[in-house]
Each structure stands twice: as structure tokens, then as C-alpha cells.
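Below: the structure, in C-alpha cells.
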Amino acid sequence: AYISIEVLIALVSVPGNILVIWAVKMNQALRDATFCFIVSLAVADVAVGALVIPLAIIINIGPQTEFYTCLMVACPVLILTESSILALLAIAVDRYLRVKIPVRYKSVVTPRRAAVAIACCWIVSFLVGLTPMFGWNNLNKMRRTQELNGSHTEFVITCQFETVISMEYMVYFNFFVWVLPPLLLMLLIYLEVFNLIRKQLNKKVSSSSNDPQKYYGKELKIAKSLALVLFLFALSWLPLHVLNCITLF
């Protein structure tokens with residue numbers, strides 16, 4: 001049942017996100033900073049469907065592997081989850097700037113700056129996701145367990161996520177530093193975005209020009225859609241992190 005659900009998610013997420021990327025490529029009107037960040041998010045989600053889900057199925061089967069081989073199978077989900085969070089944060093900041101400084105927005109958020117922001121998001125994601133490869137893992141704990149059992153055989157393990165990934169890393173570093181604070185920051189940003197849009201729409205009700213009304217009306221629709229994406233992302237991932245906290249504490 002688990003493998004069937006994972007395969008179903010992959011079959012939906014890969015074509016769906018490829019269509020998002022294709023739509024931005026084909027539509028000149030969508031080639032602004034916001035959609036650059038959305039493409040970055042879509043790329044991460046394509047990689048989840050095409051790479052992470054097959055690896056998750058392998059981990060679920062629990063093959064016998066070397067420790068670092070299993071770690072390499074477990075780390076991509078950490079990289080791509082963090083990439084998704086940072087892409088969502090970049091989108092939230094972009095929407096905030098659109099409603100806060102609409103006149104100066106295009107001079108502040110240039111394509112070059114958007115590209116630099118996307119590159120920084122991916123670099124940070126790789127550093128956060130590959131931290132277990134740099135040493136914050138369960139290798140020493142497993143070696144001590146093997147020594148206590150008096151085993152001197154070749155160090156081969158049953159590959160499971162919790163076997164190689166440290167719960168201290170998952171809770172203290174991954175969740176408390178790189179998942180929860182960005183999610184809370186995005187919540188505050190979207191609350192402020194909705195507040196700014198509401199003020200502008202109320203202010204322009206008596207205006208003879210419809211342009212501000214159209215602009216902020218459009219921004220409101222986009223902000224609602226993106227806030228929904230954020231809500232669904234949090235709904236999907238927070239239960240897992242809560243379970244990690246329960247496991248550790």
C-alpha cells in the first residue's frame with residue numbers, strides 16, 4: 001500500500017510540475033521573478049517524484065548496504081525539502097515587495113537578483129541536506145553497538161532512514177533551524193501581505209482609476225493561491241517533524 005501511494009504521488013507530481021515549468025517557458029507574461037521562484041520550486045518537486053520517491057521505496061524495502069551508501073540514499077529528501085521551503089520563502093518575500101513597493105519593485109527585484117537568490121537557496125539546501133554526510137550521523141553510535149555485541153564482521157547495515165540519520169540533527173538542526181523558523185516567517189509575511197492589500201483596496205474604493213483596484217485584486221488572488229500552497233506544504237511535513245520530536249524527547 002505504501003509503495004502504491006508513493007508511485008501514485010510520483011506519477012502525479014512529475015508531469016504536473018513539468019507542465020508548470022513548460023507553461024513559464026512558453027508564456028512570456030510569466031517570466032518575472034515570482035515565476036522564476038515557482039519554477040525553482042517545481043524543479044525541486046520534479047526531483048522529489050523522479051528521484052526521492054524511488055529512493056524512499058528502496059529505504060522502505062530495507063536493503064543491506066554500506067553505511068554511507070544508505071546515507072547517500074537518505075540525504076536527497078533533506079536537500080529537496082529544504083529547497084522547497086526556501087523557494088516558498090523567496091516567493092513570500094517577493095509577494096511582500098510587490099505590494100509594499102509596487103512602483104520600485106521592478107528596479108529592486110531584477111532578474112539577476114532573482115537568479116542569485118535562487119542559487120543561494122539551492123546552495124543552502126545542499127549544505128543543510130548534506131550535513132549528515134559531513135559527520136552528523138549515527139555512524140559512531142552504530143559502531144559502538146556493533147562492538148558491544150562483539151561483532152567483527154564487515155560493517156553492513158539494513159538501510160533505514162532512522163538508522164543512519166541522527167534524530168538530534170533532524171530535530172535541533174533541520175526542524176528547529178531550517179524548517180520551523182522559515183514557516184513561521186512565511187506565515188507572518190503573508191499576514192502582512194493580506195493586511196497591506198486590504199488597506200490598499202479600501203483606500204482605492206473611491207478612486208476614479210480602476211488600475212490600482214485591478215493590481216491589488218490580482219495580487220490578492222495570487223497571494224491566496226500561494227498561501228494555500230504554503231498551508232498544504234506545512235500540513236504535509238509538520239506531522240513527520242512532530243513525530244521526530246516525540247521520538248527524540
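Glycine residues also receive a Cβ, built from the backbone N, Cα and C atoms like all the rest.
Features of the protein shown, as given by TrEMBL:
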DOMAIN    16-249  domain 'G-protein coupled receptors family 1 profile'
TRANSMEM  6-24  transmembrane segment
TRANSMEM  36-59  transmembrane segment
TRANSMEM  71-93  transmembrane segment
TRANSMEM  114-134  transmembrane segment
TRANSMEM  175-197  transmembrane segment
TRANSMEM  222-240  transmembrane segment
In contact by Cβ distance (the transmembrane segment (71-93), the transmembrane segment (222-240); 3 or more pairs under 8 Å): yes
Touch test for the transmembrane segment (71-93) and the transmembrane segment (175-197), at least 3 Cβ pairs under 8 Å: yes
Stretch in 36-59, 114-134, 175-197 most in contact with the transmembrane segment (6-24), if contact is a CB pair under 8 A: 36-59
Long-range neighbours of the transmembrane segment (175-197), counting only residues six or more past its ends (CB under 8 A): 81-82, 85-86, 88-89, 92-93, 95-96, 99-100, 128, 216, 219-220, 223, 226-227, 230, 234, 237-238, 241, 244-245
